[in-house]
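Novice: Mind having a look at this structure? Questions to follow.
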C-alpha cells in the first residue's frame, strides 16, 4: 500500500520506508538527517535496513504459515458455522496481506528500483489498499454479527445469509474506496534518477487531506462503530446475567429453572465474543500507534529528531505484525489445534465412556469455529 512520503524524504532514506505496504505513513520522516554527515547516515541506515529485512521475512513466514493452518483447520470442519465463516475470511485477508503487502515490500527492498510496468505499479498499490480496508471492515462485519447473535438471538438463527451479506458489503466498500489509488500512484523517475512506484501529486501538500480521509475511513470510523457495538453487547450480557440471578434466586420449580437456563447466552457464544474482542484489541494495539503517528506527522506536530525516526521504524512494523498475530489468537482459542494429542489419549484411558462423551461435547461448544 502506498507510503505517505515526499520525494525529499526518499532521497534522505535512499530506500523505501518500512511500511511501504500501507497508505498511511510518515511525511518527510527523516528530514533531520540534513544535519548529519552523509557517511554516518549511510552506514546507520544500511545496518537498520538489514534488521528490517529480517523482521519482514519473519513476519512473512509466520503470517503465511499461521493463516494456512487456520484455513486448513476451518475448511476440514464438517460442521461449519457463521463464526467459522468470519474466521476464514479474516485468515484469507491476512494471507493476502502477507503475499501482496509484506512480500512486495521485501522484493522492493532487494531491487531498489521498481522494475515492473506502470500498470503493475497501479494494480499492486490498489490491491494493497483494498486489503487494508478489508482487514478493518471484516472486523466491523464480525462485530455486527456478534451483536445480532447476543441481542437478537432468534433473528440470528433465522438469518444465515447475513454473514455473507456483511462480508460482501465489506469487500465491496474496500474495492470502492481504493479506486483513487489507481489514479494517485504510478511509475515515475525521481530527481535522483531512481524509478519508483510513487504518488503522482502535483504538490506534497495534497498528502495531508488525503491521508486524513484515509485514516478516518480505515481506522477511526470503524473503531468507533466497533466500540459502540461491543458496548451494547457487553451491556446486554450484563443485563441478562442480572435477570438470570434474580429469577434463579426466586425460582422454586426445578423444571422451570432448567427451561430458563436453556434460554441464556451459551458458553459458546460468550467464548466467541471473547475471541472477537481479543482480535479487535490486537488490531487496535498494532494500528493505533501507526495512525496516531501519521496524523501527528501530517500536521507537523512531531519534531525532526533521531528519536522520531527510531520510533517511526518500530511503529511501521506493527501493522504487518497484526496479520501474524491473528492466527496465534485463533490457536489459543481453538483447542482443536493446540491441545496435545498425547495428553488427551492419556486422559481418555482413565475416563469412562460417559465422561469422554461429556468432555467431547464441551470441547465442541468451546471451539470458536462451532459458535
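Note that Cβ sites are derived from N, Cα and C of the backbone, with glycine treated the same way.
Small disclaimer: the values here were computed from a predicted structure and weren't measured.
Pulled from Swiss-Prot, these are the listed features:
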- 121-197: disulfide bond (DISULFID)
- 4: N-linked glycosylation site (CARBOHYD)
- 13: N-linked glycosylation site (CARBOHYD)
- 1-52: topological domain 'Extracellular' (TOPO_DOM)
- 74-82: topological domain 'Cytoplasmic' (TOPO_DOM)
- 104-123: topological domain 'Extracellular' (TOPO_DOM)
- 145-164: topological domain 'Cytoplasmic' (TOPO_DOM)
- 186-212: topological domain 'Extracellular' (TOPO_DOM)
- 234-275: topological domain 'Cytoplasmic' (TOPO_DOM)
- 297-312: topological domain 'Extracellular' (TOPO_DOM)
- 334-371: topological domain 'Cytoplasmic' (TOPO_DOM)
- 53-73: transmembrane segment (TRANSMEM)
- 83-103: transmembrane segment (TRANSMEM)
- 124-144: transmembrane segment (TRANSMEM)
- 165-185: transmembrane segment (TRANSMEM)
- 213-233: transmembrane segment (TRANSMEM)
- 276-296: transmembrane segment (TRANSMEM)
- 313-333: transmembrane segment (TRANSMEM)
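Mind mapping these onto the model and telling me what they sit next to?
Specialist: Summarising the environment of residue 121 (disulfide bond), the number of other Cβ atoms within 10 Å of its Cβ, over all protein chains shown, is 19.
Note: the topological domain 'Cytoplasmic' (74-82) comprises 3 helix, 0 strand, 6 coil (DSSP; helix = H, G, I, strand = E, B).
According to DSSP, the topological domain 'Extracellular' (104-123) comprises 14 helix, 0 strand, 6 coil.
For the topological domain 'Extracellular' (186-212), residue counts in helix, strand and coil come to 9 helix, 9 strand, 9 coil, using DSSP.
If you look at the transmembrane segment (53-73), the same-chain residues 6 or more away from its ends with a CB under 8 A from one of its CBs are 18, 87-88, 91-92, 94-95, 97-99, 102-103, 105-106, 109-110, 317, 320-321, 323-324, 326-328, 330-331, 334, 336-337, 369.
Under 8 Å from some Cβ of the transmembrane segment (83-103) lie the Cβ atoms of residues 1, 21-22, 56, 59-60, 63-64, 67-68, 70-71, 74-75, 77, 124, 127-128, 131, 134-135, 138-139, 141-142, 145, 163-164, 167, 272, 275, 279, 320, 322-324, 326-327, 330, 368-371, all in the same chain and six or more residues away from its ends.
Among residues of the same chain six or more beyond the transmembrane segment (124-144), those with a C-beta under 8 A of the stretch's C-beta atoms are 1-2, 21-23, 86, 89-90, 93-94, 96-97, 100-101, 104, 116, 163, 166-167, 169-171, 173-175, 177-179, 181-182, 185, 197, 217-219, 222, 225-226, 229-230, 276, 279-280, 283, 322-323.
Within the same chain, residues 23-24, 132-133, 136-137, 139-140, 143-144, 146-147, 150-151, 177, 273, 276-277, 280, 284, 287-288, 291, 294-295 sit at least 6 positions outside the transmembrane segment (213-233) and bring their C-beta atoms closer than 8 Å to a C-beta of that stretch.
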Novice: What are the DSSP helix, strand and coil residue counts for the topological domain 'Extracellular' (297-312)?
Specialist: 9 helix, 0 strand, 7 coil
Novice: When a 10 Å sphere is centred on the Cβ of residue 197 (disulfide bond), how many other Cβ atoms does it contain?
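Specialist: A count of 24.
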